[in-house]
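Remarks on the structure that follows.
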There are 2 protein chains.
Amino acid sequence: MRLAVIGAGAVGSSVVELAADYGHSVTAFADSGSAVVDAAGIDTDAALERKRTDGAVGSVDPSEALSADYDALVEATPTTLGDAQPGFGHVEAALERDRHVVLANKGPVAERYADIRELERESAGRVLFEATVGGAMPVLSTIADFDPRHISAVRGVLNGTANFILSRMATEGLDYEHVLAEAQDLGVAEADPTFDVDGTDAALKGVIVANVLADDGTEYTLTDADVEGIQEITGSALELAREDGRTVRLVAEVVEGSVRVGPRLVPENAPLAVSGTRNIAQLETEHAGQLNISGRGAGGPETASAVLADVGRLE
Amino acid sequence: MRLAVIGAGAVGSSVVELAADYGHSVTAFADSGSAVVDAAGIDTDAALERKRTDGAVGSVDPSEALSADYDALVEATPTTLGDAQPGFGHVEAALERDRHVVLANKGPVAERYADIRELERESAGRVLFEATVGGAMPVLSTIADFDPRHISAVRGVLNGTANFILSRMATEGLDYEHVLAEAQDLGVAEADPTFDVDGTDAALKGVIVANVLADDGTEYTLTDADVEGIQEITGSALELAREDGRTVRLVAEVVEGSVRVGPRLVPENAPLAVSGTRNIAQLETEHAGQLNISGRGAGGPETASAVLADVGRLE
């Protein structure tokens, strides 16, 4: 397939870097200020090198990527809330041209799911978004395989930064502020970690799952989620949990139309007690019991793998 | 889709029972001695009731199921080795009629993979077999999503009976023969548990994975696998492992064209140390690290879920 990749952060850049390995070409690649377009396939190494050295992937206006020749648009700009722009506009532009869309950006499917589905109905293009929930883990495709009607609940640890912090606090007996600073030094936490530690990121993933599970057309957005973060968890609370054979994890839970995210006590040896930056999703199925999927929930190549799996499904 | 279900054991019967729930109809259903065929859709409740009370699903010759009107044949007869008959012949008959095939029977894809793929190339029908590896767990579809070329190894605990026995031996300090008898009483182990405890069943699953991963056309069969069972594991060996924080699991490993199955020492809190009848598969991916999938690896409705997920993929 010919891909137009919008967004040149870790995920977009990894998609551009790996596309050929999966049998696809990149005909357009844009960051927020520039683009490079070539219907015969751009020179991906040169574009990534320009991004590293000059800070710009190309020399034409970014809007030219949207009007380029491509089969699928990969939307990998940062997640935004509310109107989910500019990501939503990119999805709209592609669908109006009857092109497919693969999202790594959570905004459009967390905040404007009904709008996206309506645009998709009027288009010959399809919208897939495996990468938005659990990075490399095949959560949404497994829900689709089992049929959302036969899944009663999904819960999981869906934010690697928060999990890294809770894991380190529990094993090292350190306080929140100390471990957060360490995580920032290691690049595990961003300079502004708000959405990771206050539960927003996990809640957006829960909302996306709720939208996929809703078979009555109900639309969920972040405002429907009940969200609590990990900022108030103390080292002594973790120590108390540990004496009882348990630990604390930031758990997202989607059940019967409700989305809840918050710190939960879980047994230390339970599947939910993944450590470090790993994520886990648990699907409660009607006919096949509980299914657990765990893996890397974030990272450039990891998330790009999920994007490219979606691209493969569109062929 | 219209399904012809061949085989009326736990899996075939569950597929017939659940088909309507997933939006499909059953136009033919056969056991080894009889069949019921109706192009408008058989009465599934009546057929299952006849099987329970009379031991026969219908009153016509089983071969009539193969020549019935259907879109996909579900092959759920018992796994056989060598020529993989009669399952192989059923697959052949469907593909020659340009119909799809969904296998729950491991024989044809473990023992005659190249023949199956050649028949598929000459047919408008496709062959899917998610249910043959890990029951309800989406192992093969995840391998397909990541692309077999980007997966370097697959290992897992793929036999629930052997795992139940090892788990019970380790936690209760009981000997093999005692726990095997208990497993038979519980229906977890069959009257003849040979293939489960000697590693053959896990090896067949490993061989199927090896066939899927081989991108150079190499064909694997059971004779290519290096197989050791759990019959010689003693309670004292498990006790020694436990003192060292470890336990023993029957692990199947597919790496670089080799298939090996045998008892392995694993840390007690490692993902591979699933307990009871649960299974786990670990995929080592090139771009997304390790991915773990765990769930119920056997059982009628569980395996039928995987069959029906395959049917959904064919639509």
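Placement of Cβ uses the backbone N, Cα and C atoms for every residue, glycine included.
Curation does not apply to TrEMBL; its annotations are automatic.
The NADP(+) binding site annotation in TrEMBL covers B:GLY7, B:ALA8, B:GLY9, B:ALA10, B:VAL11, B:GLY12. Around the Cβ of B:GLY12 (NADP(+) binding site), 27 further Cβ atoms fall within 10 Å across all displayed protein chains.
Secondary structure at B:LYS106 (NADPH binding site), as computed by DSSP, is coil. Among the features that TrEMBL reports, NADPH binding site is placed at B:LYS106.
Summed and averaged per residue, pLDDT over the domain 'Homoserine dehydrogenase catalytic' (B:138-311) gives 95. According to TrEMBL, the domain 'Homoserine dehydrogenase catalytic' annotation covers B:138-311.
Residues or ranges marked as L-homoserine binding site in TrEMBL: B:GLU190. For B:GLU190 (L-homoserine binding site), applying a Cβ distance below 8 Å and a minimum sequence separation of six or more within one chain yields B:THR161, B:GLN184, B:ASP196.
Other Cβ atoms within 10 Å of the Cβ of B:LYS205 (active site, proton donor), summed over all protein chains shown, number 28. For B:LYS205, the entry in TrEMBL reads active site, proton donor.
Remark: of the binding-site residues B:ALA10, B:VAL11, the most isolated position is B:ALA10 (fewest other Cβ atoms within 10 Å of its Cβ). Cα separation, B:VAL11 (NADP(+) binding site) to B:LYS106 (NADPH binding site), rounded: 13 Å.
For the recorded NADP(+) site, residues B:GLY7, B:ALA8, B:GLY9, B:ALA10, B:VAL11, B:GLY12 set the reference point as the centre of their Cβ atoms, and the other residues of that chain within 8 Å of it by Cβ are B:VAL5, B:SER13, B:SER14, B:VAL15, B:ALA76, B:THR77, B:ALA104, B:GLY300.
Rounded to a whole value, the Cα-Cα separation of B:LYS106 (NADPH binding site) and B:GLY9 (NADP(+) binding site) is 14 Å. A Cα-Cα distance of 20 Å separates B:LYS205 (active site, proton donor) from B:GLY7 (NADP(+) binding site). In this structure, B:ALA10 (NADP(+) binding site) is part of a helix by DSSP. Cβ crowding, taken as the number of other Cβ atoms within 10 Å, peaks at B:GLY7 among the binding-site residues B:GLY7, B:GLY9.
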